[in-house]
Amino acid sequence: RALGPLFPSRLFDQYLGEGLFDYDLLPFFSSTISPYYRHSLFRTVLESGISEVRSDRDKFTILLDVKHFSPEDLSVKIMDDFVEIHGKHNERQDDHGYISREFHRRYRLPSNVDQSAITCSLSADGMLTFSGPKVQSNMDTSYSERPIP
């Protein structure tokens, strides 16, 4: 970004409608509370609204922070080789005024995910977990020596 530190990158990140604070706009100035106290410049993944995709040997998992949405505001669909997660809520009041939020995420499913065994759950703290087991192919997946025809 050409403007660098003049404009905080948080404005362009995936924070779903959270308000800006003084430390977002001027992160390099010390706090008025104490010169030794300073807010963290980095937020944790669980607070950020950013998704995490894990593709292990046995399982494919998507973790998504949707704490601003109720279960009725969310929809999860599988279309062909993609999973689509959509969330939308109408205007309502929060700590910073009135806000409406909407997001749409689309992820490609690996070809070896068993689509009939996919599960999706929403935890009490607003973490959506989408996971599906991977089926093992008949082909030997070890990286030992094997002939190539």
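Every residue number used here counts from 1 along the chain in the order it is shown.
Cβ atoms are placed via backbone N, Cα and C, with glycine included.
So that you can see what the record holds, here are the features copied from Swiss-Prot:
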type: BINDING; residues: His89, Glu91; note: Zn(2+) 1 binding site
type: BINDING; residues: His96; note: Zn(2+) 2 binding site
type: DOMAIN; residues: 41-149; note: domain 'sHSP'
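Around His89 (Zn(2+) 1 binding site), the same-chain residues at least 6 positions away in sequence with a Cβ under 8 Å from its Cβ are His68, Phe69, Ser70, Asp73, Ser100, Arg101, Glu102. Secondary structure from DSSP puts the residue listed as 'Zn(2+) 2 binding site' in coil. Here the Cβ of Glu91 (Zn(2+) 1 binding site) has 9 other Cβ atoms within 10 Å, regardless of which shown protein chain they belong to. Cβ neighbour count for His96 (Zn(2+) 2 binding site) (all protein chains, 10 Å cutoff from its Cβ): 10.
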